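Participant: Pulled these features from TrEMBL for this protein:
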DOMAIN    120-451  domain 'Glycosyl hydrolase family 13 catalytic'
BINDING   257-262, 311-315, 382-387  substrate binding site
ACT_SITE  D259  active site, nucleophile
ACT_SITE  E292  active site, proton donor
SITE      D383  site 'Transition state stabilizer'
REGION    463-491  region 'Disordered'
COMPBIAS  474-484  compositional bias 'Polar residues'
Amino acid sequence: MTVLPEPYTHGALPLPDGRTRFRLWAPSAPPDLALVIPGRDPIPLHPEADGFVQVDVDCTAGTRYQYRLGAGLLAPDPASRLQDGDVHDASVVVGADSYPWRHPSWMGRPWREAVIYEAHAGLAGGFAGLTQKLPELADMGFTVIELMPIADFPGPRNWGYDGVLPYAPDTAYGTPDDLKNLIDTAHGLGLCVMLDVVYNHFGPDGNYLSQYAAPFFRDDVATPWGSAIDFRQPPVRRYFEENALYWLTEYRFDGLRLDAVHAIPDPEWLVELAQFVRGQIPAQRHIHLVLENDDNRASLLTDGYDAQWNDDAHHVLHHLLTGESRGYYADYADRPAQALARCLGEGWVYQGQPSPYRQGAARGEPSAHLSPTSFVLFLQNHDQTGNRARGERLTLLAETTERLRAGVVLQLLAPQIPLVFMGEEAGSRAPFLYFTSHTDPALATAVREGRQREFAAFPEFSGANSEAVPDPNAETTWDQSNPWTPEASPDAQQWRDLYRALLDMRQRVIAPRLDGAKTVFARAVGEHSVHARWRLADGALLSAYVNLGPVPEALPRQQASAAPLFSALLFESRAGAFDALCQGNLCSESTVWLLEEPA
């Protein structure tokens, strides 16, 4: 890592004179707080403004250190750049970057070209293992690799959302240079790399902040993971702003996906974060900032953020593909074709309307004014697959393979930004389960029992059947979740061929015309059918005819008479679907894409 510039205020900061500045925000620290370096006497830290303490020490890169909090308790640096072991062990001073970047002039790719591949680095074989998969992913047509969180978490197995050291890449996945090589190799293949970051909470194991920085958290606002982080505190805001900058500059990530920002009680900080990042990074770099936000706040998508994950679109598509209507899918089971049309044409289903699943609470803001590329469209992701009790994929859940194929064809050619979850491109049937590796037996038990309670409302997982919910801490749960084993994808080549053909067409025909694309209309034309049309940047008209139901449906007479007159077929998900469309009918379980070039 390069010598940290002035914007950084947290952590072990190498100085130009060869010393290291140790700087910690510790407004509620015990009086005997000290820096501990093996082989030296404890080193007192000097109070600075705003609750910081710091000391400059003659030490080199590779020095191990911890903070003494009293009564023999030693804690890592909350801004540790590297751990010597796990989250309870010593932090390591990281010096100047010695990695020989091979593609230092890489500037990224415009957002309109994004086709995102979400991957878990650990299941891929660590940073080195995922690096080996990059050529095939690039060849298939993916343009962005999105890593699930890599911040240091307890043990070797975790989704990443239990991270407690946001600056330290988990060594279970490899070294910092392994991560840099992954990103560097991706850039050489024309791939962007984005990182999923968690700024809404810390994990339950290894977070020492309350011991010396109690104001880091609010006692008046709770989240599903504990007390909310207090973004009213300037040092707290700075801690996360610097973290975002760190990943984008030190490791040269091309963007960030911010997890569950609806759990951040100070949404104005999100605007500040985007402004900070974009103000620090040269404008010629393509940096992409993407949100997960259950609140559907459209205003953030005009304040520095490129897009938001579209859970509404996922939920209605999942209902149409599988027939499921339990839980939050109930909000999308009534008139699903109208809901899908609203997603394709306007972004979200819920734009301020009451949600029955949420006991009538209003949800969302109007979104029809936003670009289609403001929405990330997915059929599966880590949450929607892994938060099922058994982690089943759509290859097992969809009513038919033909219907799933129609969904994929819709997703990958739509003007929204597609995201594919690892294994989808090969038709993987391996589950993606919720897994952890907590070393505290009490915590492991609590997580297992909490998982069982979460699904107790479903008869197949209640009472004596609760053991059917896989134990997150069992190594077998991790082993089952690997989507890249040959036995997980018996139809791999067929799916890969489909994805490759669709993504090639997307990059050649659709992506270059997406800046400025606008919805012309999107309307339900049957119980399970939608007709949508967009005007692309050059005036071309892109049209989708979708029927995700089990029987053919006739187009309304006015649309049937004019449907394909001036358009060329781009893609049909099943043979004969275009011919049927020319007769005014939509084949069951089919998607047809047409393009009318500008005059």
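The backbone N, Cα and C atoms fix where each Cβ goes, and this holds for glycine too.
Model, not experiment: these values are computed from the prediction.
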Participant: Within 10 Å of the Cβ of G386 (substrate binding site), how many other Cβ atoms are there?
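Facilitator: So the number of other Cβ atoms within 10 Å of G386 (substrate binding site) is 18.
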Participant: Quick one: Cα separation, H314 (substrate binding site) versus the residue listed as 'active site, nucleophile', in Å?
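Facilitator: That separation, Cα to Cα, works out to 17 Å.
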Participant: Return only the integer: C-alpha distance in Å from D383 (substrate binding site) to E292 (active site, proton donor).
Facilitator: 11
Participant: Name, in the order they occur in the sequence, the residues of the same chain whose CB lies under 8 A from the CB of D311 (substrate binding site) and which sit 6 or more residues away.
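Facilitator: The list for D311 (substrate binding site) reads D294, Q384, given in order along the sequence.
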Participant: As a test of the contact definition, list every same-chain residue at least 6 positions from A260 (substrate binding site) whose Cβ is closer than 8 Å to its Cβ.
Facilitator: V198, N200, E292, N293, D294
Participant: Quick one: average pLDDT across the domain 'Glycosyl hydrolase family 13 catalytic' (120-451), no decimals.
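Facilitator: Computed over the domain 'Glycosyl hydrolase family 13 catalytic' (120-451), the mean pLDDT is 97 on the 0 to 100 scale.
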Participant: Sorry to bug you, but what's the C-alpha spacing from G386 (substrate binding site) to the residue listed as 'active site, nucleophile', rounded to the closest Å?
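Facilitator: It is 15 Å, counting Cα to Cα.
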Participant: Can you name the residues of this chain that are 6 or more positions from R257 (substrate binding site) yet have a C-beta less than 8 Å from its C-beta?
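Facilitator: For R257 (substrate binding site), the qualifying residues are E146, M194, L195, D196, V197, V290, L291, E292, W309.
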Participant: So among the active-site residues D259, E292, who's got the most Cβ atoms within 10 Å?
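Facilitator: The residue with the densest Cβ neighbourhood is D259.
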